[in-house]
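Each remark here refers to the structure printed beneath this line.
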Amino acid sequence: MPPYRSRTTTHGRNMAGARGLWRATGMKDEDFGKPIIAVVNSFTQFVPGHVHLKDLGQLVAREIESAGGVAKEFNTIAVDDGIAMGHDGMLYSLPSRELIADSVEYMVNAHCADAMVCISNCDKITPGMLMAALRLNIPVVFVSGGPMEAGKVVWDDQVKKLDLVDAMVAAADDSYTDDQVKAIERSACPTCGSCSGMFTANSMNCLTEALGLSLPGNGSTLATHADRKRLFVEAGHLVVDLARRYYEQDDESVLPRSIASFPAFENAMTLDIAMGGSTNTVLHLLAAAQEAEIDFTMADIDRLSRRVPVLCKVAPANNTVHMEDVHRAGGIMGILGQLDKAGLINTDLPTVHSETVAKALDHWDVTRTNSDMVHKFYSAAPGGVPTQVAFSQERRFDSVDTDREKGVIRSKEHAFSQDGGLAVLYGNLAEDGCIVKTAGVDDSILKFSGPARIFESQDTAVLGILNGKIKAGDIVLIRYEGPRGGPGMQEMLYPTSYLKSKGLGKACALITDGRFSGGSSGLSIGHVSPEAAEGGTIGLVREGDIIDIDIPNRKIHLAVDDATLAERRAEQEETGWKPAETRKRKISTALKAYASMATSAAKGAVRKLPD
């Protein structure tokens, strides 16, 4: 049996000094034989998705100690992508994922912790902690802060649901008055929690359920609802049990790499495609798979995207449906249940809470259980009161949504689309692939051709859109915004939002080697690989070149002959792969360090040391 890692610092005469320091943290004689559990929190007052987490780490710690463990809490950083959006702050978002993963590794290995509870929530925090968990491969349970309630505003005697994207779009739309914009701003983000649509944060928290590393309801139970407290309480007890099973019973099945196996990654990606999750999840799953030493690639994502239908459409793909509605329909277990019935997932896999996914679905899928407890759990509703306090309300819907024909979650037979919510496109413009969230693309533009309007940065693209330089039929091409070229691979939420505000959301395309917020929709194609800074073809496109996009056939093609491209490449090699215009962008030493090691989006934008 493997020894408890913590014995390195708690046992033996020569560890008297370390024990003295442990005692100074509150440990007593009887604690030195117990598992030491790291409570990895991410509380910060900068981020609404994390503002309510301050006391939740200690809630988990108390439960760990009541279960017979020793709990020690520390915090990671957390960047709010929405606040960092639209300026150079976004350069730091993706690189922060690597810092979070490293900081968890540093703390856990430096202090020889035996297991972890990861309290995450927003965009890069869950992926960073997931990467760390798979890197360390010690028992872990994920429990996130939960989604925000959808905003609501009453106009013309009708209730309109809102989220962050509505505020961005309205601000750039001249048809809205200043008072209307202010009303949307005040109502769009009413509570603590991760933004209310199927954006990156909620997508990733849902995927931890599919990977088997979190409890049912983790991705969909509202941050404000009292039901969410149970997840934190159970996580504290569960992690102690997992630690004992591994260290005292030599049960390796409880380890993250045993649970988040290759077929579990397939399940997670299948879920993501079925619910039209954020394209950022592709980056993060690829990165996490590398930490787990699993050969899960863009080719696997492409394969899955061709056979998985869209079973759930949530904002931004459907602005009337938010995470609170997904929860009412049975949450992630409800979607997985329909994928299981369609034969699209592997249910023989273990989870942290159940022997197999199949057994978990038998208990937690609202369409196959008669459990009053489960139906009550998924009836949790928004409170409708602005608050930054977790578990502050207990409101419930009168019933859960089990309609799989016209409800929020559909069966395969009644899918929103038989073609999946994410697609990988290949062609001479993206030889290693690029990603589009098809769930957010109108059917009328699944095939699209148009002239490229070239921008060497997100900033100039925003100005071009707002100043009326983009017309219907154009393709906005933003380059040198990849992991190296940005550096940091900025999200393009403002350009996509401004296209919508100008009435061009269904009349234009946007292509970039950067990435998109989970809040983006429309014909938005990102992660073009290789990126321009790596010598990718996207760096050779010239103003007015025609680009052909064919989502049904998974193709993207620059209509320029090979000989001309070869000439352009030779010219570019002489001048270097850099923007054609000088950018007013200060790149710090920290960002330069990331850029020097960053791989392409096709590899998850992880760092790779030079050979």
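The backbone N, Cα and C atoms fix where each Cβ goes, and this holds for glycine too.
Here the Cβ of Ser517 (active site, proton acceptor) has 30 other Cβ atoms within 10 Å, regardless of which shown protein chain they belong to. Per Swiss-Prot, the feature active site, proton acceptor maps to Ser517.
The Mg(2+) binding site annotation in Swiss-Prot covers Asp81, Asp123, Lys124, Glu491. There are 29 other CB atoms within 10 A of the CB of Lys124 (Mg(2+) binding site), with all protein chains counted.
Proximity of Cys195 ([2Fe-2S] cluster binding site) to non-local residues of its own chain (separation of 6 or more, Cβ distance below 8 Å) is seen for Pro48, Gly49, Gly82, Pro147, Met148, Asp163, Leu164, Cys189, Ala201, Asn202, Gly519, given in sequence order. In the three-state DSSP scheme, Cys195 ([2Fe-2S] cluster binding site) is classed as coil. Annotation comment: Swiss-Prot describes Cys122, Cys195 as [2Fe-2S] cluster binding site, evidence class sequence analysis.
Lys124 (Mg(2+) binding site) carries neither a helix nor a strand DSSP state and counts as coil. According to Swiss-Prot, the N6-carboxylysine annotation covers Lys124, on the basis of sequence analysis.
Listed in sequence order, Val79, Asp81, Ser93, Phe199, Thr200, Ala201, Met204, Asn280, Gly518 are the same-chain residues at least 6 apart in sequence whose CB falls under 8 Å from the CB of Asp123 (Mg(2+) binding site). Excluding the listed site residues Asp81, Asp123, Lys124, Glu491, the same chain places Val79, Ala84, Met90, Ser93, Leu94, Cys122, Thr200, Ala201, Asn280, Ser517 with Cβ atoms within 8 Å of the centre of the Mg(2+) site Cβ atoms. Each of the binding-site residues Asp81, Glu491 was assessed for Cβ neighbours inside 10 Å, and the highest tally belongs to Glu491. Listed binding-site residues near Ser517 (active site, proton acceptor): Glu491 (candidates Cys122, Lys124, Glu491; Cα-Cα distance within 10 Å).
For Cys122 ([2Fe-2S] cluster binding site), the same-chain residues that are 6 or more apart in sequence and have a Cβ closer than 8 Å to its Cβ are Val47, Gly49, His50, Ala78, Val79, Asp80, Asp81, Gly145, Ser194, Thr200, Ala201.
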